[in-house]
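Structure first, then comments.
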Amino acid sequence: MRLSHRYISFSIASITLLMVFAASAAPIPLYNLYHQLYDVTYQQLALTSVVYFIGAVSALIFFGRLSNHIGRKPLALLVMTLAGSACLLFTIVESAFPLILGRFLLGIACGLASSGISALVVDTAPPEKPWLPSVLVSNAPLVGLTCGAMLSGILVEYAPAPLTLCYGVAIAGLLICALLLYFTPETVKRMPGVLSSLRPQFKLPASTRAGYPVAALTFLATWSVGGFFQAFAPSIAATQLHSDSILAAAAVFSSFLLPGVMGGQVNAWVSNRTAQRGGMLLFCVALAGLIYSMYTASLPLFFVACILAGIAQGAVLTGSVGSLIKGIQEKERAGVLAVIFATSYTGAAIPTLIAGQLATIFSLLELLTFYLGQAVIVTVITFKFAGRSRTSDLASAETSA
């Protein structure tokens, strides 16, 4: 592939990955509206996040290696179809069922995108910037979700047809990406064994296994807080901003996710281990600040803490993803990325499910305290073990050589 064509393909793959996650966030700012108009309960709204994560994990477990066999492009086009179908479902929401089903379809789409389209991003990445794929792959969900939530919030707040227009825009974006993908070259040769690839296989190459336990814990600590914001952003907006505005809910959600892009840039200057350690430490400080801001009802501190938490999350995720994809072979990429995102989505789904059940007993402030305790434990483990196992393995290999 010529360098100019490679850059074009890389740009299209990256934009497509962002678009899928943007579409998946389109309904989130409308949750409070659905609650008011159609009596969708907060437990049902939390369930929409849980089924989204279940769909994503299921797709990664069963179809995580599918793009190695049918090609990256066909899988990407399937993702566009699923996401578009979900958006069509959202246009007829009058109860919880279409919302839950649509979110499940979006979960499947995002799970497939996390392995297949992410692998396409890595395949087409500029070779002179080895740090760029991990930055994009780890931060695409954050940026996509943020852009989708904010655009949806703006359209619902200020444009006509508030319950349908945002989904029409999402469908149009998906169609444009599908058209662009159709004309990009395929990056892998199709291989036999499609059916065998559907057999669940939670497997990592030997070179990445040592770093997986710490990376998995950081995915749990950060993605679980993202799941909390995804499920309860409208409630947080009402309690912190004293506003039922759709745009306010989108702003709360985005203030945590979007700064992750800035944190993701740190991997260009520091090692993966340093990004993991420093990021988790800052993440704990930010969560503590977030809890204090909610306790004191300090709006400026609330947004500062959200932004710091987002920056920390971006640094942690980029460091952890970078530690796992560094040096792996092309045929291993989809499988490794499937493991990464299956772990991440599981780490978001289980705490969100528990939080949804406990929301009737504990306040949002009390629930967030549990997340802080979890993050502190992960930070201690990260400082003790991040990078050590891999260093030991390399040292042993050099000694035996």
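From the backbone N, Cα and C atoms, a Cβ is placed for every residue, glycine too.
Quick look at what TrEMBL annotates:
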- 1-390: domain 'Major facilitator superfamily (MFS) profile' (DOMAIN)
- 41-63: transmembrane segment (TRANSMEM)
- 75-93: transmembrane segment (TRANSMEM)
- 99-122: transmembrane segment (TRANSMEM)
- 134-156: transmembrane segment (TRANSMEM)
- 162-183: transmembrane segment (TRANSMEM)
- 210-233: transmembrane segment (TRANSMEM)
- 245-266: transmembrane segment (TRANSMEM)
- 278-295: transmembrane segment (TRANSMEM)
- 301-322: transmembrane segment (TRANSMEM)
- 334-355: transmembrane segment (TRANSMEM)
- 361-383: transmembrane segment (TRANSMEM)
Between the stretches 41-63, 75-93, 134-156, 301-322, 361-383, which wins on the count of C-beta pairs under 8 angstroms to the transmembrane segment (99-122)? 41-63
Compare 41-63, 134-156, 278-295, 301-322, 361-383 by their Cβ pairs under 8 Å to the transmembrane segment (210-233) and return the stretch that comes out on top. 361-383
Over the domain 'Major facilitator superfamily (MFS) profile' (1-390), work out the mean pLDDT and round it to an integer. 88
Are the transmembrane segment (162-183) and the transmembrane segment (334-355) close enough that 3 or more Cβ pairs fall under 8 Å, when only pairs 6 or more apart in sequence count? no
